[in-house]
Amino acid sequence: MTSSVDKHDNILEMQGITKEFTGVRALDKVTLEVKKAEVHAICGENGAGKSTLMKVLSGVYPYGTYSGDIVFAGKVAKFNTIKESEKCGIVIIHQELALIPELSIAENIFLGNELLSSGLIDWNKTETLTRDLLARVGLELDPSTPIKNLGVGQQQLVEIAKALSKNVSLLILDEPTSALNEEDSENLLNLMRSLREKGITCIMISHKLNEIAEIADSITVIRDGKTVDHMSVADGRIEEDAIIRAMVGRPLDNRYPIHEPKIGKVIFEVKDWTVEDPNVPGRLLSDNISFKVKAGEIVGFAGLMGAGRTEMARSLFGRNYGIYKHGSISIKGSKVVLHSVSEAIRKGLAYVPEDRKLLGLNLLDSIEKTTVSANLRKILSNGLIDFSKEHSVAEKYRKSLKIKTPAVDVGVATLSGGNQQKVVLSKWMFPNPDVLILDEPTRGIDVGAKFEIYKLVQQLADEGKAVIFISSELPEILGMTDRIYTLCEGRLTGELNTKQADQESIMRLMTTTNEV
Amino acid sequence: MKYLKQVLGNDLRQLPMVVALLVLLIGFHIISGGRMLTSSNMQNLISGNAYVLILAIGMLMVIVIGQIDLSVGSVAGFVAMVVAITARNFNLPWFVAVFLGLALGVLIGSWQGFWLSKMGIPGFISTLAGMMIFRGAVIWLSGSISVPAPKELQFFGAGYLPEWGPAWTNMNNSTLLLGLLALGFFVWSQWNGYQREKQAIYGTRPEMWPMLVRAIGGGLVIAYVTWLFGSGRPGTSFPIPGLVLVALIVIYHMVTERTRFGRHVYAVGGNRQAAALSGVNVSRTYFTVMANMSFLAALAGILFLGRATAAGPGDGTNWELDAISAVFIGGAAVSGGVGTIMATMVGGVLIAVLNSGLMLMGVGADRTQVIKGLVLLLAVAVDAFNKQQGRPSIIGKIMESFHKK
């Protein structure tokens, strides 16, 4: 903490940044100081406020919607749009790349800033400049190559070239390597090093501590919307443990119902599960994953964004995602091959997806239609849907799950997040599965509803179901589960008994790329 | 408003359309000097539009899954031509020719379904191609000459129910019998629904009067319609193509509202990914809906063949546009997931009444076209204006009381 730094060395100073969304304080007096020509890493758990901070910086949230000061290159910055921040030399590259697949590299780089001569696009100049830019990022490609022919790693480099075309002085990279394989990641880190030599400052948001340790000059750790630590690296070495402690160091309060598990025999077993990314050939979403879950047991799956938890869950659930390579599933001791979701449901599997609105619900449907939608067979009489059965099933769950709604024939879109999630849970309780995979079951839900959902999950386990609990919140994983597996980049990196685990030990396993 | 909801159910989204239909019927009746609501005009209206309404049934399902079928007119024309030619050239009995025609419809539908469900080509494209392919094929096959239809088909295309029994009823007794059956079923189902609601474990105790209002109101409508269709000149009745249509409406209403397949159709249209994660076979649903559409197009083509007594190379031109209009006037969403058979039928009848009324007033085809276009736009604009999510239409609500609660 020798922060007797000359203020003039700082290209960026963000002081006391506070940003509120209706009722939620996403950022609370955050401070960020970035020196010129350094690689500055921002670390924090999912939802800590990193992306919000970058959106404040780049003008996505215009000046006036937050409080606090931004001083960039010696001047107070009041950006109203991304365009304004770009004019000053701040360029943000998002996790989801924003290139247009059908257009060429050159067209993409100058999209919105087309080089004109007497009102028409000057293609010669565009091409020459693109060649220069591509050379600077180390891409040897024809500027007229369409983006869709490029790999993700190459696309990332094109994004950087695009940033360079805007005379960038501060480049922000949000999870730049999360979708890249090792070789491409290494390329990218090398490029960041060479940018640093040329005087360009980089802010890098990343979950991969090994990469941070390798490249960052200083680190700011954000937790729950607050800056909790700032470390600078004098000799090029960073204590990964120190980062981890700072990232998770929050007292655990009693937000989880007390529960005595009734654990039985193994009823769900996965062996050598291997799945390939449908978008990036050769990249494995799940790499020889093997695990077991017992009846009555709640097993947590921890991992950072991009670790492959959701992808694994969806591929287990009737190969809903990814390209299946090999691996086997056993339910209650017998091997099953699940080619489709409906087969998976029939064999006793259920999957509650992480994105409720995108994957979990048909927002046009009523509560009752949603409740029965994964098990329509059960409400048929003489081959036709029996509305009174449907109605009473929905009413039963409305009462037992305490879903707050005037009636079950209203649309699910009218419900709050917590109640929507209860409807989704009842939808998956209705087929009476043996194995329940819950993917971020409390995301976007208020504290009170969370507690009810926790109790419900424990109750399901007590009924003898095997529960797989995927969560990005470590306290939740520690509070809810009996056993924990950690994933990192598609590989199983650890198994912990929850009683012996703490946030630091989990975080360590979540950020290691060594296999167990 | 509260009382209205008690009678008609909570969702009044389709009410404007039903009111508009009634206003048009009565308005045209007055303007045309009493020529709108006559037996012969209504009989013509039904048999002259049954085929478009049949297309609209299939089109509703296609639009609910978020697709569109532009080929239905060409397919109908093509199938009609094939039926006429096979019956004439090979001297096939009419029912064999009809069976072949329907099978051909399924085959064509499988072709369209294949491109959508297996190859992922949007229905707009594959059916645009189908529209050209089958229109070309009709002209090619027929050499641009009309081909007479088997005589028996006229019964299905433009026939009437038999006359029998006492004359003192002053009506066609077949129509009267059907009307009485419908009346009995309607009243019984209202009573039944009320009883079930009373016995339901959940929910509040229902009041009796909304049920009585429904039963009496609906009963009067059925009685009036029966009289309207049954009291025409001797030998006429509720038209046969109308009966085919009613049968299809009942069947497809049940399929869409009360079967797993129907639920899957709405699920796929509402949120394809969520449907897939609920165990719905998305590609099979796509396939079946497209195949069914062409089957209904074939049926529509055959009914039209019976009415026209000959298959012409231009038969079916622009039918797809009428069918699509009916679906959207009936409140279906372009983005899929929303729409009902019943509301679509109201939409289709609205267009038919508009056509017929404007004709009675002596408005030319040119201006009729302009007015129809404006009505479509207005109807959809009104719908977009008071958009609610995920509610069945009012017609759906009324029909639901046939079996629900």
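Heads up, the Cβ atoms here are built off N, Cα and C, so glycines get one too.
The transmembrane segment annotation in TrEMBL covers B:12-31, B:52-85, B:91-111, B:123-147, B:167-188, B:209-230, B:236-255, B:286-306, B:326-354.
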Outside the transmembrane segment (B:209-230), at least 6 residues beyond either end, the same-chain residues with a Cβ under 8 Å of its Cβ set are 3, 6-7, 37-39, 42-43, 46, 171-173, 175-176, 178-180, 182-183, 186-187, 190-191, 193-194, 237-239, 398, 401
Most Cβ pairs under 8 Å to the transmembrane segment (B:123-147), of B:52-85, B:91-111, B:167-188, B:236-255, B:286-306, goes to B:52-85
Would you kindly check B:52-85, B:91-111, B:167-188, B:236-255, B:286-306 and say which stretch has the most C-beta pairs under 8 angstroms to the transmembrane segment (B:326-354)?
-> B:52-85
Could you pull out which residues elsewhere in the chain have a CB under 8 Å from any CB of the transmembrane segment (B:236-255), counting only those six or more residues past its ends?
-> 39-40, 43, 46-47, 50-51, 53-54, 57, 61, 155-161, 163, 172, 174-175, 178, 229-230, 261-262, 296, 299, 303, 306-307, 340-342, 345, 399
Quickly jot the same-chain residues contacting the transmembrane segment (B:52-85) by Cβ under 8 Å, restricted to those at least six beyond its ends, or write none.
-> 97-98, 100-102, 104-105, 108, 112, 116, 122-124, 127-135, 137-138, 141-142, 147-150, 153, 244-245, 248-249, 252, 256, 265-266, 268-269, 272, 285-286, 289-290, 292-305, 310-324, 326-328, 330, 332-341, 344-345, 347-349, 351-352
